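Participant: Per TrEMBL, the features are:
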| type | residues | note |
| --- | --- | --- |
| DOMAIN | 30-117 | domain 'Pyrroline-5-carboxylate reductase catalytic N-terminal' |
| TRANSMEM | 214-232 | transmembrane segment |
| TRANSMEM | 252-280 | transmembrane segment |
| DOMAIN | 261-405 | domain 'Ferric oxidoreductase' |
| TRANSMEM | 305-326 | transmembrane segment |
| TRANSMEM | 359-379 | transmembrane segment |
| TRANSMEM | 391-412 | transmembrane segment |
| TRANSMEM | 432-454 | transmembrane segment |
Amino acid sequence: MSGEMDKPLISRRLVDSDGSLAEVPNKAPKVGILGSGDFARSLATRLVGSGFSVVVGSRNPKRTAGLFPSAAQVTFQEEAVSSPQVIFVAMFREHYSSLCSLSDQLAGKILVDVSNPTEKEHLQQQQSNAEYLASLFPACTVVKAFNVISAWALQAGPKDGNRQVLICSDQLEAKHTISEMARAMGFTPLDMGSLASAREIEAIPLRLFPSWKVPTLLALGLFVFFYAYNFTRDVLHPYVRKHENKFYKMPLSVVNTTLPCVAYVLLSLVYLPGVLAAALQLKRGTKYQRFPDWLDHWLQHRKQIGLLSFFFGVLHALYSFCLPLRRSHRYDLVNLAVKQVLANKSHLWVEEEVWRMEIYLSLGVLALGTLSLLAVTSLPSIANSLNWKEFSFVQSTLGFVALMLTTLHTLTYGWTRAFEENHYKFYLPPTFTLTLFLPCVIILAKGLFLLPCLSLRLTKIRRGWEKDGAVKFMLPADHRQGEKTSHV
């Protein structure tokens, strides 16, 4: 497989159709392509580079010949479909009917549909493009393949793009033929069953970050909520009560106050479903019952939620570095110096505030560093180099450490403000008090699960014990060893 993947792509000299190259030997498998668009050109380039003899069918071969590799023969559609047994149909659905005049020549051949509908077409049409093509040419075998591979991946090779080629057809031999071609081109074929699966395959390229949709909407919702809350407290309250114009805070200060709130709550939402799952297992007394759908989806989206938490945390750090650069901050320093001179104070030093800020910043740096480690280990290239125990330690143990550090960071920021009346504006508590509720509940629940009465029971359940079932056994003498090898 590695040898096939390492095959070089067609050279620039080959692409620059200069006619000086020798023709592909006759023994090379011949493949036909109907179409002369971007995907057809990339497909021809990849096929030629993989050792196939390519003949391209075009309505205007003289105009399009210079766009294809010199080793590919560009001719009329009638000639292109005469000899190849496998023909790629690289055309839009609305042009399929123009091929009906070739039905006699296409009889008995394998037609590979590589097209993708638009989102509107996918919703309006009940029949997939591949099924529609099969209805037009009942004497042919239609295979759906290569539609999830981009033109760039075909040109640059599978190392720079998606490697999987999803294949479906009603004929097993045709699927095997196209699978072997995909392997020869350096890709990995994946059998998706009968041609009825084509509609599902055609829907894949239409999805925009499907696993990120819910976490992104959640993060945006939290950002809007906390931004509106901070705007009401820091901008609207001074304007209404004291007629002070604080609207200059909206682009930077209010955003910077909002970002850590979103990052903190998102990080809490990464570890809350694990707590709920453990509580459900303790209540049911078994691990063999499915979680509710909402909890199952929540567990599956933890990686995306965690990465968004890291993203907002990094933005918070960058915005914090920008705070001293503000013109308003410089004016505040000058005004403070003037007040100090007028008050005849030569030395202004508050020991408590100095220590609070030192601890606050130190905890923030440690929390961000731990989150960075979590984010890096979530990358497939890094995660694949770790064994299960190492990955679990980083994502679970260090993740909980990150939650603890961010909680201490928030508590140090708040200090005694939650107990001071002047920090309640419009009777609204300080923002950090809202963010502390959820992580404190998670930390408390984690502490409860460490109690022997709950910890031992949870370990037994995760090792297969059932409260009302036939599987009942005693834990080994060293139950800690059992915990190390038990996972949900």
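Using N, Cα and C of the backbone, Cβ positions are placed for all residues, glycine too.
Remember, predicted model here, so these are calculated numbers, not experimental data.
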Participant: With a Cβ cut-off under 8 Å, give me the same-chain residues at least six positions beyond the ends of the transmembrane segment (432-454) that come close to it.
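Facilitator: For the transmembrane segment (432-454), the nonlocal Cβ contacts are 229, 260-261, 264-265, 267-269, 271-272, 275, 278-279, 282, 400, 403-404, 406-407, 410-411, 413-414, 417-418.
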Participant: Counting only residues 6 or more past its boundaries, what in the same chain has a CB within less than 8 Å of a CB in the transmembrane segment (305-326)?
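Facilitator: Distant contacts of the transmembrane segment (305-326): 215-216, 218-219, 223, 252-253, 255-256, 259-260, 262-264, 266-267, 269-270, 364, 367-368, 371-372, 374-375, 378, 399.
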Participant: Within the same chain, where does the transmembrane segment (214-232) have neighbours whose Cβ lies under 8 angstroms from its own Cβ atoms, ignoring anything closer than 6 residues to its ends? I mean 6 or more beyond.
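Facilitator: Cβ under 8 Å, 6 or more out: 250, 254-255, 257-259, 261-262, 265-266, 269, 297, 301, 304-305, 308, 312, 425-426, 428, 431, 434.
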Participant: Summarise the model's confidence over the domain 'Pyrroline-5-carboxylate reductase catalytic N-terminal' (30-117) as a mean pLDDT value.
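Facilitator: Across the domain 'Pyrroline-5-carboxylate reductase catalytic N-terminal' (30-117), the average pLDDT comes out at 94.
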